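Following: one structure in structure tokens, then a few remarks.
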Amino acid sequence: SADVAGAVIDGAGLGFDVLKTVLEALGNVKRKIAVGIDNESGKTWTAMNTYFRSGTSDIVLPHKVAHGKALLYNGQKNRGPVATGVVGVIAYSMSDGNTLAVLFSVPYDYNWYSNWWNVRVYKGQKRADQRMYEELYYHRSPFRGDNGWHSRGLGYGLKSRGFMNSSGHAILEIHVTKA
């Protein structure tokens, strides 16, 4: 099946079943995430980078994501007996010259933290880094991973709709569409 992290699939095929398949491929890991981002923006996206605040991925970001396609990606806590989650930001350059950034946060300790996610368009090309992480996590009204759908205008003629569950085995599904 092509429903593996690092693949690009038809956007219409993105859903919970696909993301569960991506998640299960990570095996028995306490904190992990499957990410699916559907490109209905009318633009082509080119991978820039992933910045991990904690955790890692063995997957290379899909390089090109055409309009009508969706990228699949995953992340997991660092291997070994370390008390970390998987927290990071994905950055894609869009064919209009701007950057699509997606934050995901799956904490280790649910007594203190919750799942969070965010999506934003930055003017110009910006690689994901610590500053972008801090802005998306602390200052740009992130959404809680609360098992519900959330929508937001992104500017630049775009809007987003996304869902994240509250589990340590997290799924994050985002659709970026024309406004």
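Using the three backbone atoms N, Cα and C, a Cβ is placed for every residue, glycine included.
As written in Swiss-Prot, here are the features:
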type    : residues                            : note
REGION  : 1-29                                : region 'N-terminal alpha-helix that contributes to the pore'
BINDING : Arg31, Arg79, Gly168                : N-(acyl)-sphingosylphosphocholine 1 binding site
BINDING : Tyr51, Arg53, Tyr138                : N-acetyl-D-glucosamine 6-sulfate binding site
BINDING : Arg53, Ser54, Gly85, Tyr108, Tyr113 : N-(acyl)-sphingosylphosphocholine 2 binding site
REGION  : 105-120                             : region 'Trp-rich region, which is important for the binding to lipid membrane'
BINDING : Ser114, Arg144                      : N-(acyl)-sphingosylphosphocholine 5 binding site
BINDING : Trp116, Tyr137                      : N-(acyl)-sphingosylphosphocholine 3 binding site
BINDING : Tyr133, Tyr138                      : N-(acyl)-sphingosylphosphocholine 4 binding site
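Here the features listed in Swiss-Prot are placed on the structure.
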residue : record                                           : DSSP class
Arg31   : N-(acyl)-sphingosylphosphocholine 1 binding site : coil
Tyr51   : N-acetyl-D-glucosamine 6-sulfate binding site    : strand
Arg79   : N-(acyl)-sphingosylphosphocholine 1 binding site : coil
Gly85   : N-(acyl)-sphingosylphosphocholine 2 binding site : coil
Tyr108  : N-(acyl)-sphingosylphosphocholine 2 binding site : coil
Trp116  : N-(acyl)-sphingosylphosphocholine 3 binding site : strand
Tyr137  : N-(acyl)-sphingosylphosphocholine 3 binding site : helix
Gly168  : N-(acyl)-sphingosylphosphocholine 1 binding site : coil
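Each of Val29, Lys30, Lys32, Gly55, Gln76, Lys77, Thr84, Gly85, Val86, Val106, Tyr108 belongs to the same chain as Arg31, Arg79, Gly168, is absent from that list, and has a C-beta within 8 angstroms of the C-beta centroid marking the N-(acyl)-sphingosylphosphocholine 1 site. Comment: N-(acyl)-sphingosylphosphocholine 1 site residues Arg31, Arg79, Gly168; largest CA to CA distance 15 Å, whole number.
Around the Cβ of Arg53 (N-acetyl-D-glucosamine 6-sulfate binding site), the number of neighbouring Cβ atoms within 10 Å comes to 17. Looking at Ser54 (N-(acyl)-sphingosylphosphocholine 2 binding site) and Arg31 (N-(acyl)-sphingosylphosphocholine 1 binding site), their Cα atoms lie 11 Å from each other.
In this structure, the CA atom of Gly168 (N-(acyl)-sphingosylphosphocholine 1 binding site) is 11 Å away from the CA atom of Tyr113 (N-(acyl)-sphingosylphosphocholine 2 binding site).
Binding of N-(acyl)-sphingosylphosphocholine 2 is attributed in the record to Arg53, Ser54, Gly85, Tyr108, Tyr113, and the widest Cα separation among these residues amounts to 15 Å. Using a 10 Å radius centred on the Cβ of Ser54 (N-(acyl)-sphingosylphosphocholine 2 binding site) and all shown protein chains, the other Cβ atoms total 19.
The most densely surrounded of the binding-site residues Gly85, Gly168, judged by C-beta neighbours within 10 angstroms, is Gly85.
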